[in-house]
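Okay, structure first, notes after.
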Amino acid sequence: MTATFLMSLLFGLAFGQTMSLCVPTGYTMHIERRECAYCLTINTTICAGYCMTRDSNGKLFLPKSALSQDVCTYRDVIYRTVVMPGCPPHVIPYISYPVAVSCRCGKCNTDYIDCIHESVTTNYCTKPQKPYLVGFPV
């Protein structure tokens, strides 16, 4: 191996974990309404990644505020609204969904963020799909 490659590898291993890997990441979600005929497939962005955190061994001697860990959370969010296709006239067809513009590592604010990852949640359609691209149904 060359010295340059070896130095690059060592540099990456040493400093790679210190950089924030909390970034907006592409995510596909499926939205259904019981009253509407179709399922809507939407591509958006969510905050995902890793944040540096420390887990202290002396938890009994620290205040509770020192025990909370940083999570990858939203810095800036915009909401987009789309029309759900195939809804009857008495149903409001508008759906708003979040789009992560920027992310940060910080404390999880449970007032507006779900801080728990539920692995049993499904993300699929049970009805025929209508993809949604750049604000226009296809």
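We count from 1, first residue shown onward.
Cβ atoms are placed via backbone N, Cα and C, with glycine included.
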Quiz item: Which of these links to CYS22 by a disulfide bond in Swiss-Prot: CYS39, CYS72, CYS87?
Solution: CYS72
Practice problem: From the candidates CYS105, CYS108, CYS115, select the one that Swiss-Prot records as forming a disulfide bond with CYS51. | Solution: CYS105
Practice problem: Name the residue from CYS36, CYS87, CYS103, CYS108 that Swiss-Prot records as disulfide-bonded to CYS47. | Solution: CYS103
Quiz item: Going by C-alpha positions, which of the recorded positions (ASN43, CYS72, CYS87, CYS103, CYS108) is nearest CYS51 (disulfide bond)?
Solution: CYS72
Quiz item: Between CYS108 (disulfide bond) and CYS125 (disulfide bond), what C-alpha distance do you get in Å?
Solution: 30
Practice problem: Given the disulfide-bonded residues CYS22, CYS39, CYS87, CYS105, state which is nearest to CYS47 (disulfide bond) when distance is taken between Cα atoms. | Solution: CYS22
